[in-house]
Amino acid sequence: MAGVLVIVYCFLLAVSCSSGQQDCSETRTITRLQFFTVPPGTVCFQCDFGSGVAADSVFQLDNSAVGEEAGTVQNGVLAVFAAENVFQTTISTSLSCISGNTRLTAHIFLESLAPPQVPSAVSVREGETLTLACDVTNSNPLPTVSWITAEEDVISGNTVEINDIQRSQAGNYICVATAEDGSTQSSTTVVTVTFAPEITADEEGLVKFPLNGTLHLSCSFQSVPAPDSAKWTHNGTQLLSTLVTLTASTTTLTRTNLQANGGGAYACSASNEVGSDTATTFVRIQLPSDPVSDLEVIERATDSLTLSWTNPHFTGFASITSFRVIITGGGPEGSEAFGGDETLTEYTVSSLSPLSFYTISLSAVNDAGLQSLPVIVQESTRSLRLPVIEEPVIIVVNSTAILLQWQSPRYDPATTYPVTSYQLTYIKQGGRETPTNRSLPLQPTSVTVGNLAKGTVYVFTLAPVNTAGPGATFTYEPTETFIDPPSPPREVTAESPNPFTIQLSWSPPSSDGGRPIGEYRIQVFTSGEYSSTYNLPGSAETYDITELSQNTSYEIRITAVNADNQESNYVAVMQTTAPVGDPQPPVLDAFSAARVGNTMAEISWDTPDPLIT
């Protein structure tokens, strides 16, 4: 410690030195073996050997002379030194003053709160115990100590222990020392929690790559420290490292020009000093589909050929997205892609030349962009003259059906394909509904169109059809169906409420024949002889027949007549009028009389019930 104590010559008990004007923050007097605790700063010491301050004192610091001039100082001595410099390496030292053969010694302790001492970095495996110690022995007096963890938890004590430490607890740890006059903290301890790689395949499930394409697979991982190696295997065989790329968090495999044997299990693995992990991706190589089968021309026309085929069962581990057709021959030639639905099984190649021979190939294309082998069919178009119906047509009409009859059209076998069917269309005249279309066979050359509306006008068209399509259309004049008569009234009943009346009731017919009911006709017969007729409106459902004879049998017939004046069959009921009972004197009701002039009186009454004769 020699050289750190500065001796100046001061007046006895002076606070300021006479040389250098060094201020003492505090002055201590040594009288015997003593223990002093001093604050940081400039502290002065003087010696009192029992008779006052000795002017001839010599000072030693840890048994070494103080300053360059170790000897007696006139007028007393103040030993002055900067305490914080003295205690750079220790918190205590001894100061002695000597006068003659007498030595006084004081042990001096520095009041200081030094920064705690901690390791700069600690590494621990996940799941093990982390132990951190904080050294505060350079502080005087000893402070209280706590740790601030990476998760900002506060743990009291010089030592912190965390059992089963997890990666989330890695980070910066700081030790804090606290005394009465403040606190100070250590430098940061960086805690690293190491763990083996945890690897995940970025492509989950089954991954598809096209034949001759490029395979690109990657795996992501977490790892501390970063993996020192990574490898890929294909069906258990390690692949060349030149195909593998490794970064701090991913490993990637790239293979070009994939072949059919390139499918299978691809496993990526990474390892560090703690351990290793593996993830697997399954790869399927997409191939061209099988060719289509049963390709044929199912319809020929002057400028088109219609193809039909059966789609392949094996589609190359990919869906059929389109078809490709190539046309060569009579011109125009070319190729085109069509479709987008693997259920498609028919297609018409159009814009062809009449009377021309063509070679057509068809391939299926899947969503990997791979095309199947082509299948070829050959066919020619022809110049087709469409047949025409030339014979007249007989139309027989009834109330709900129309019968059409015709003669087969003539055609020239050299230029025209024979008729294969007939196309019939009919619609109500002026109707806005969709016409009814029917395809008719070659034989018979007649058709009955039923379920028509009664009394309705229809327009019919008929056209012969061959391979080229429908021929010229023959239109028949509008024809009206008949109206049927209505059915008879229902639930007809009769009763006689008095000797002179029959009360008749009924329900409307179940069918009006195609026109609304316009009226009801009632005929009355007595002893088989016609008596009278009554015409009632179509809305009526009851009628009282009056002025009949008492105790007489009557036959009553009722018919329904529609707006087309079609009359139903009649319904007959028999009813006998009631007899007149034993006569009882009638009683007049509301009889009254009033004078009318000088010679007349007016008498009035209500008709009694029963009727009087």
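Including glycine, each Cβ sits where the backbone N, Cα and C put it.
Not measured: the values here are computed from a predicted model.
What TrEMBL annotates here:
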DOMAIN    116-191  domain 'Ig-like'
DOMAIN    197-286  domain 'Ig-like'
DOMAIN    291-386  domain 'Fibronectin type-III'
DOMAIN    388-484  domain 'Fibronectin type-III'
DOMAIN    485-581  domain 'Fibronectin type-III'
SIGNAL    1-20  signal peptide
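Helix, strand and coil residue tallies for the domain 'Fibronectin type-III' (388-484), in that order: 0 helix, 44 strand, 53 coil [DSSP]. Model confidence over the domain 'Fibronectin type-III' (291-386) is summarised by a mean pLDDT of 87. As a summary of secondary structure, the domain 'Ig-like' (197-286) carries 6 helix, 56 strand, 28 coil according to DSSP.
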